[in-house]
Amino acid sequence: MDNDDYIWLDYLTVEQPNQEKTDISVKHYYGIDIKTDKYLQNAIDIWELINKYGKKYFCNYGGETFQINIGDRFYVAHFPSQCLNNGCKYPVLIFLHGLTGYSWHSALDKTGLIELANQNNFIVLFGQGNGEITRPVRDKYGGVSFGDIYWQIENPELDMDYIRNVMNLQGTIEYCRQDDLNLLELRKMFSDKIYLIGYSNGAMYSFNMCFYDLHFSGICSMMGGYGGLAGYSNSKISEIVDRPINISLDIPIIILSGSLDEYLPASKKAFDILLGKNFSNVKFLSIPDRKHTYSRDFEKYIWEFFFTSTKN
């Protein structure tokens, strides 16, 4: 294989899971004390809470928030209270976390999508990538890692059955209130508007979905873009974007990056590819002085762009 097929960004490397460090070794290695690292401690608290209750954890943040299991994988669903039991249909947003991410952490801490869903009356589903979830640590690049967890960027078809299941609310509920929530009835609440947001590794997967007919109504690739410039095989990603396009070319798409993000070239290339393929409703945003970080402050902008572009 040509060397040009792989252009690596070092911080993609994932530490080996199950190498748990003591408080002393963590402080020595990272120069921090995990007891004073609020963000890491929040991640640990969430992991311990979910680990304690297993598949039965349930919480209420302005609605019903719970885990749905599909074989050896799962996803987290949130239905706002005002959307339940009124017979109406509501749009759905699916979120894909970044490399080493965790859906429960995305739902309860990293993103503000549950609050946004409560405010704007939509359903939000948090996908879970491939790999074993472990107790979170700071990796050597400073990020919080839940293990070697990822989306199938070079072979997106391997995750597509899972994504379809999420879109159709497939799976089982295994907590003590399962008799109160019927997935078949909840699925009837879905409108025909299903949107996709991916961050980092999830953003690269989301960009790939621009070339598959899964009937998404809008797609956002945040801090990711074209995987062939972000550590994955350029030839394999080229094959994906050169597929025959069977989706509407006016689907609203946002490519969002930061001016200091190492993935900015990958995001720019993603935008150029979409324009070259005659997609007609594409926005490119480069946030000034923003590094590679989840941009919670742009969630509302993304949602409003999706909603206003597809409200008819």
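Yeah, the Cβs are placed from backbone N, Cα and C, and that goes for glycine too.
What you are looking at is a predicted structure, and each value in this text was computed from that prediction instead of being measured.
Feature annotations, courtesy of Swiss-Prot:
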type     : residues : note
ACT_SITE : S200     : active site, charge relay system
ACT_SITE : D261     : active site, charge relay system
ACT_SITE : H292     : active site, charge relay system
Quick note, S200 (active site, charge relay system): same-chain residues at least 6 apart with CB under 8 Å of its CB -> H97, G98, L99, G101, M222, M223, G224, Y263, H292, Y294
Around the Cβ of D261 (active site, charge relay system), other Cβ atoms within 10 Å, all chains included, total 23
The number of other Cβ atoms within 10 Å of the Cβ of H292 (active site, charge relay system), counted over all protein chains shown, is 20
